[in-house]
Amino acid sequence: MTTVYYDQDVKTDALQGKKIAVVGYGSQGHAHAQNLKDNGYDVVIGIRPGRSFDKAKEDGFDVFPVAEAVKQADVIMVLLPDEIQGDVYKNEIEPNLEKHNALAFAHGFNIHFGVIQPPADVDVFLVAPKGPGHLVRRTFVEGSAVPSLFGIQQDASGQARNIALSYAKGIGATRAGVIETTFKEETETDLFGEQAVLCGGVSKLIQSGFETLVEAGYQPELAYFEVLHEMKLIVDLMYEGGMENVRYSISNTAEFGDYVSGPRVITPDVKENMKAVLTDIQNGNFSNRFIEDNKNGFKEFYKLREEQHGHQIEKVGRELREMMPFIKSKSIEK
């Protein structure tokens, strides 16, 4: 049964008197650090020199190289990209950990797949907001929050659960509610959602729809509007009220087409393919492929990225967005 924790459920402030090092100052890093600081906690930033280092200083934080930040901290939250966490941990974090430190993550990838293997005498926990950093920060300032997940991998001190819940409350997450999970469950469901639906599934669905219309002789501009541009309208309705809200809001023609044609596109074979994707996540095939490609300079990754950048739908989209000044352009030029 799903367990959800709110402000009133966090009885003990296990962060009181502890120093927190937030490693990284990107999307999640700036939000966690600022929310914790606003709640009165002692926060330092660990990061390499660069724009984020300078930005953290401008925001009023004490900023140190990662190793120095870890040395002085009791709780270390690692908020770096998955592909660099392993090296940073090995070279800068692990040598400076002390007994009963707490090592924390917002995504379980490197712990679950064994890239990072903490010593047995430190706590390891997860606090994962289900939204981007800018939303975590904005909702906090507004007095609300983004729902989050939390989980415990190691409880060396006997206080890991209290520390994790206190951390979740510290970033404001318990205002909305935090759901208890495990590193395994968070990692595998997150990767599956990205690959089968949110990123991989949706992008290929849109591309295939665009190609079908263009190959049938329709103008690429109209195809773009029908299968990509208008997606936002549907997703916004879905975000606010689920599929029922979509079907309530669209025309009867569109709703009828949903029922009779959706199953022709997403056939039982698609679900079987989704199961295969999930299996590759569960058995480590995907993580091994990603990790090995990273070691080889991301040759496969960059090749695939370049192929997608050149798709006709991207060229048409860039041109059409120039006609819509109400859209804040986020075109990625190379």
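Backbone N, Cα and C define each Cβ position, glycine as well.
It should be emphasised that the depicted structure is a prediction, and the values quoted were computed from it without experimental measurement.
Over in Swiss-Prot, the protein carries these features:
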type	residues	note
DOMAIN	1-181	domain 'KARI N-terminal Rossmann'
BINDING	TYR25, GLY26, SER27, GLN28, ARG48, SER52, ASP82, GLU83, ILE84, GLN85, GLY133	NADP(+) binding site
ACT_SITE	HIS107	active site
DOMAIN	182-327	domain 'KARI C-terminal knotted'
BINDING	ASP190, GLU226, GLU230	Mg(2+) 2 binding site
BINDING	ASP190, GLU194	Mg(2+) 1 binding site
BINDING	SER251	substrate binding site
Just checking: which of ASP82, ILE84, GLY133, ASP190, GLU230 have a Cα that is within 10 Å of the Cα of the residue listed as 'active site', counting only these binding-site residues? ASP82, ASP190
Quick tally, other C-beta within 10 angstroms, ASP82, GLU226; top of the binding-site residues is ASP82
Spacing of the two Cα atoms, GLU230 (Mg(2+) 2 binding site) and ARG48 (NADP(+) binding site), in whole angstrom, works out to 41
If we check Cα distances from GLU226 (Mg(2+) 2 binding site), which of the binding-site residues ASP82, GLY133, GLU194, SER251 wins as closest? SER251
Pairwise CA distance, the residue listed as 'substrate binding site' versus SER27 (NADP(+) binding site), rounded so that it is a whole Å: 38
Local confidence of the prediction over the domain 'KARI N-terminal Rossmann' (1-181), expressed as mean pLDDT: 97
Could you state the whole-number distance in Å separating the C-alpha atoms of SER27 (NADP(+) binding site) and ASP190 (Mg(2+) 2 binding site)? 17
